[in-house]
Amino acid sequence: MSQVFSFHGGIHPPENKKQSTRAPIGKAPLPKQLVLPMQQHIGGPADPLVKVGDSVLKGQLIAEPIGRISAAVHAPTSGKVVDIAHYPIPHASGLSGECVVIETDGEDRWIEHEGIADYKAIERAQLTEHIRASGISGMGGAGFPTDVKLHLGDNHIVNTLIINAAECEPYITADDMLMRERPHEIIGGIEIIAHLLRPSHILIGIEDNKTNAIHALEAAVKHCDLNIDIIVVPTKYPSGGERQLIKLLTDIEVPAGKIPADIGIVCQNVGTTSAVYRAVHKGEPLISRIVTVTGDAVRHPKNLEVLLGTPFSSLLEACDLRPEALSRLVMGGPMMGVTVDNDRIPVIKTTNCLIAATKQEMPPAPPAQACIRCGMCEQACPADLLPQQLYWFSKGREFDKAKHHNLFDCIECGACAYVCPSNIPLVQYYRFAKSEIRTEEREQQKADHARERFEARQARLDREAAEKEAKRKARAAEAAKAQEARKAAAAKPKEEAAATATAAPDIKQLKTAAAVARTKLKKAQKAFDEAAAGNSEGLAELEQALNEARLKAEEAEKALSAGSPAPAEGGDAELKQLKVAAAVARTKLKKAQDALKNAEDKGLEGIDKLRATVEALEQKADEAQKAFDAAQPADAAAKQESAPKETPAKAEPAAEPALDAKALKQQVSIMRTKLKKAETALEAAESDEERSSLQADVDDLKKRFDEATEAFNKVEKAKMDAAAQAGIDLKQLRIDAAMAKAAITKGERALKKAEADDERAQIEQELVAAQAKSDELHKTLSQYD
Ligand code: SF4
Ligand code: SF4
């Protein structure tokens, strides 16, 4: 015989249990409609698998559990689904919930089902899954899904399995009758649960006011191989509370904020063990339960086996309700139950009692008086709380303090309110406070989630921006590197050309020498021809002079061709094309780079594509630049190097005669413009100080303009002289070249306008001749300009 301990507080209200235990468990009539809420348990609601119009069979799965903590729902009888909508559900809140409504067909046809022949032969996980699929949840009141308590994971070792058979609340006798009539189901269910949990001890806690049930269980236990202790505890409310029963049977207190499993204890209600038995041995899901229908307003109080979804009205009718006597309809017991005003509410898995009370039986609560701080509530509280303090905190909306005083350890047993001389509905205050705290916590949780999401998004954006910036910098560094490489590649041939130019004889001198030699040759040829024609004397000397002149001319030509740079492949036109192509490629690259930067800054789509385009264009620009650099002649590079730049006036070097004439001409033009501007500014000067400063600038610019002009004239004169030596009037040659060019332009315009074929052919012929002349003139001119 195991020892019985005690718990703090508790009360002894009138039991009122005998009324409903006189008759055996009856069978509730089959109603026309069953209303099945999708949430009959703690956790997530089940999800309907049927639709309106579907025919269903008894035991058919109609809603599947969603998530770990949830329970399946099955059709309690055969019929047709006629509605899936929100209906009033049995809940303290009075709210409605999603329900599947089945119109019963009266045939009560089962779906094909069978139990597990040898549950010990299958995997424990498979067995637990079978229990989950049977939709079993705690039937003692809370409705926690049973499979969750049977599969606690490796972190929980179960030492003690406690079967709660206390049924301490007045009026309720459903468990009592179940134990009296079906003890083998309870013991069979315990065996299955024990097989899954492997506890060291199995204790059944039962109040001493259930003699018949105790006897029935004791008889059934004799046929069981397990060592089960039936512990009879004194009748005291609320000994059936989970924590109170654990204290009674083991003297262990479950710490605040913990669950029994944390200290190696699992509690199951006797009704739940019976449901587990039927599910495993018979293959029957949870579709019915025993409900105590009692109260003075029914003529025949009793316990009924009721299909889930049966409306209360149907049960009251079955127990012969006296409507005129009904004052209050209570769902559950008088201490923890909820008053309902709608008899269409259906029975669910946790409905254990329905009290149809008369006015005398449950008179309306007298008006609440002020708390007199008598402390009786504290003495009655089985959870060792300070109900009076909790009341003040709840009333004053000081929820933090209420929480700090372990409000959530309150099991809402109502013992405090029962003893309160001021008739204060204390439990209502606690329920209100709990609900407010839960709402606040939910809001806080939502806000936390929103904040976390925002912070995560912000972090992601920052990270992406940093990555973009790093990539951009890398690309910029790469582009700079490529630019450097291009510059180095371009500088190399220039350096080589400069070196070659330094080492090689002056091209212009060679040209001049060749032209002079050609002129002398011409003269010698002319003299020889005239002498030969006139049969003059000295022909032999003239012939020798001619040969010498020819030899010199050939040598000069050879020297010129050896010193001249190799013409670029394809000539000037191609060079221009390459230059244009390089510039176009650079422009395209710049545009693509701008588009990429814009897209990255604004986080637009298609960045990868743009990046690929930029890379491709970078390559093309590189190639175009290389092609241009390679095609550029060495002297062009030298020209570029020596070309005047828009540098500050004072830094400009004095013009040297060796400089390119074109560059010098340009420099003269720039200096002229600057000088004009400076003179205009000087005229507009208002103060003496400003005037003197500007005058200095004008003088300086004039000096440099004169120097540039002198340098240009010097170069120009040198060219004229060189040309003259070759018998060429450079001025006239330029005029002729310009006229030849004008003639071509004119001819091209005429060709565009010409309509007749003859006319076109004529103009084309003239154009060819003009082009040839122009080429010839420019070729000669290019030797000096
Ligand atoms: S029993 Fe009622 S009156 Fe007495 S202390 Fe508690 S709340 Fe106040
Ligand atoms: S309702 Fe709460 S505070 Fe009141 S006696 Fe029960 S456990 Fe204690």
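Any Cβ shown, glycine's included, is placed from N, Cα and C.
Predicted automatically and left uncurated, TrEMBL annotations should be read as such.
Keep in mind the model is a prediction, meaning the values are calculated, not measured.
Within the set 143-187, 413-457, 458-502, the record from TrEMBL flags 458-502 under the feature region 'Disordered'.
For the ranges 65-97, 230-262, 626-658, the feature annotated in TrEMBL as region 'Disordered' maps to 626-658. In TrEMBL, the feature coiled coil is placed on 753-780, out of the ranges 585-612, 753-780. For Cys413 ([4Fe-4S] cluster 2 binding site), the number of other Cβ atoms no farther than 10 Å from its own Cβ, over all displayed protein chains, is 25. The highest number of surrounding Cβ atoms within 10 Å, among the binding-site residues Cys371, Cys416, is found at Cys416.
Counting only same-chain residues at least 6 apart in sequence, those with a Cβ under 8 Å from the Cβ of Cys377 ([4Fe-4S] cluster 1 binding site) are Pro387, Gln388, Tyr391, Cys416, Ala417, Val419, Cys420, Leu426. Over all protein chains present, the Cβ of Cys420 ([4Fe-4S] cluster 1 binding site) has 23 other Cβ atoms lying within 10 Å. Proximity of the binding-site residues Cys377, Cys381, Cys410, Cys413 to ligand 1, judged by a Cβ distance under 6 angstroms to any of its atoms, singles out Cys377 in sequence order.
Among the binding-site residues Cys371, Cys413, Cys420, the residues whose Cβ sits under 6 Å from any atom of ligand 2 are Cys413. In the three-state DSSP scheme, Cys416 ([4Fe-4S] cluster 2 binding site) falls into the helix class.
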